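Peer 1: Below, the features straight out of TrEMBL:
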type: TRANSMEM; residues: 20-41; note: transmembrane segment
type: TRANSMEM; residues: 47-66; note: transmembrane segment
type: TRANSMEM; residues: 78-95; note: transmembrane segment
type: TRANSMEM; residues: 101-126; note: transmembrane segment
type: TRANSMEM; residues: 133-153; note: transmembrane segment
type: TRANSMEM; residues: 165-183; note: transmembrane segment
type: TRANSMEM; residues: 195-215; note: transmembrane segment
type: TRANSMEM; residues: 230-252; note: transmembrane segment
type: TRANSMEM; residues: 259-279; note: transmembrane segment
type: TRANSMEM; residues: 285-301; note: transmembrane segment
Amino acid sequence: MDNSNWWRNYEGILKTFYPLFLGQVVSFVMALMSFTSSLVANLGANTPLSLSFFSYTALALVYGGTMIYRRQKLQVPWYWYALLGLADVQGNFLVNKAYQYSSITSVTILDCWTIAWVIILTWLFLGTRYSPWQFFGAAVCLAGLGLVLLSDAKAHGGSGGSKPLLGDVFVIIGTFFFSMSNVGEEFCVKKKDRIEVVSMIGLFGLLVTIIEIPIMERKSLESVKWSPELILAFCGYAVASFMFYTFVPFLLKMSGSTLFNLSLLTSDVWAVVIRTFFYKQKVEWLYFVAFALVVTGLIIYSKTEKDPVSAPAIEEANADDQRYQLLNEDEEQADHRHDATVS
């Protein structure tokens, strides 16, 4: 009896702490992606699409190969995955491009704009109903992000990048594409197969980058001076990005976007640490105020967050149950009428 109670307690602790641990792994991997992308930009390679090319190639080969081995048919029409892949590529391109003009701290904090876009998209397309507290939390986040813009407008020299406001605009637009990709990915992961979702994002992301690289980055690639440090940074980004796309669906399916968003907050802390100790750059005091506001706003938002998929899914399931019950009642009445006619 004692052993069974111990085992149940162990399982409860594991179920509680495993998502937290996985969330911190995702957060660290995201910070590593930001670091390697920033490092590539600092080494003089203006190639954000080429940076993502290797990530999508790895995803398409590993997860696409798994689907081929399974002989698995698509559960979602291919054109929806094409839209997700297109949105994901544009988001990665704009955010990685921002490192050419802005600091790693600004980019990682402004990534939180994704929250605002997700609220709008789930409200418009998934029918999610948000409470006033959620809107208040999102407003607090936007206030913190406004401080980042103000700090970058005052920044000069290396502390804020060459054109910080331009970089901030790239990040904000990029997060809009990320939000479209994330909402679609979360819906598909919870309703369909995780392997299929990741493999299709990798496949269509690869196709889009193959088309766009010759158009947008041919001259930049020709001017790149390859070095061991740059190659290592490319490889580091590819590995970190592959791990990010691998772990995120697990976290979304296990705990939803609440823990996912809260876990990503620590990536901003890692970004500040990297900027302070690796780049030897000064961090403006407004960044710390902005970070505190973003943390506060996301906590307020996440405390009352509803699952963007759960509400419509529950309504649809209830409707299906009602239709099923009505169908059974009609069949029973028909059987009774048939029995009465025969007798």
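In case you wondered, yes, glycine gets a Cβ from its N, Cα and C as well.
Those TrEMBL annotations? Automatic predictions, nothing curated.
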Peer 1: At a threshold of under 8 Å on Cβ distances, which of 47-66, 78-95, 195-215, 230-252, 285-301 pairs most often with the transmembrane segment (101-126)?
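Peer 2: Answer, by Cβ pair count: 285-301.
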Peer 1: Six or more residues out from either end of the transmembrane segment (78-95), which same-chain residues have a Cβ under 8 Å from its Cβ atoms?
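Peer 2: For the transmembrane segment (78-95), the far contacts come to 37, 48-49, 51-52, 55-56, 107, 111, 170-171, 173-178, 180-181, 184-185, 188, 197, 200-205, 207-209, 212.
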Peer 1: Taking the transmembrane segment (20-41) as the reference, which of 47-66, 230-252, 285-301 gives the largest number of Cβ pairs under 8 angstroms?
Peer 2: 230-252
Peer 1: Which residues, given as numbers and ranges, are at least 6 beyond the ends of the transmembrane segment (195-215) yet have a Cβ under 8 Å from it?
Peer 2: 49-50, 52-53, 55-64, 66-67, 70, 72, 74-76, 78, 81-82, 84-86, 88-89, 93, 181, 185, 188-189, 221, 245-246, 249
Peer 1: Per the 3+ Cβ pairs under 8 Å rule, pairs at least 6 apart in sequence, do the transmembrane segment (230-252) and the transmembrane segment (47-66) touch?
Peer 2: yes
